[in-house]
Amino acid sequence: MARSKSSNRWLEEHVNDPFVKQAQQDGYRSRASYKLLEINNKDRLIKPTDLVVDLGSAPGGWSQVAAKLVGHKGRVVASDILPMDPIAGVEFIQGDFTEQEVFDQIMAILDGARADVVISDMAPNISGVNAADQAASMYLVELALDMACQVLKPKGSFVAKVFHGEGYDEYVKTVRESFDKVVIRKPDSSRARSREVYLVAKGFRVA
């Protein structure tokens, strides 16, 4: 079966992508690791001893970065519907965190502790229908925000991938209602033609 032009373009980009090559050299599971590293270098979100919750963590690129940043005295709790190979210093729960059973497992691992940072690089499976894909991506990021508001400690931080499109402006407005400072980042490691940006929210205000 012949590849489509778009899949050929993706393959060519992937093969020639310097961040893909760098990830292989550095032992990261995906190029996405550099997005979190860039964001953290600018915004100083994750610090040694922090407790980080990683939503939609597979294959583990962000969890790897978070584990290095928090060090052996910190904790990373990760969750994804998909399986994820073990990472030293990361406690992983497979399942949908919106389901009560999985949510309860996460809360049990946290054991009353509140997260310093919640991170989410979640994205839906792309159908190619822009309206449907945008709706699906906004749904995921709304779920991530809801989860963050349930587990963050006061003054905690939240980072999530968001796609420009319908619902974007309203979402940013909603996040501002719960955090002292909200900025939008477009890391160098994010492909220029991608509509993705990263919302960085600091200073969580507990309702």
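From the backbone N, Cα and C atoms, a Cβ is placed for every residue, glycine too.
Within D43, D96, D104, D133, the residue that Swiss-Prot lists together with G60, W62, D80, D121 for binding S-adenosyl-L-methionine is D96.
K161 (active site, proton acceptor) falls within a strand segment according to DSSP. G60 (S-adenosyl-L-methionine binding site) sits 15 Å from K161 (active site, proton acceptor), counting Cα to Cα. Note on the binding-site residues D80, D96, D121: the fewest other CB atoms within 10 A surround the CB of D96. According to DSSP, D80 (S-adenosyl-L-methionine binding site) sits within a strand segment.
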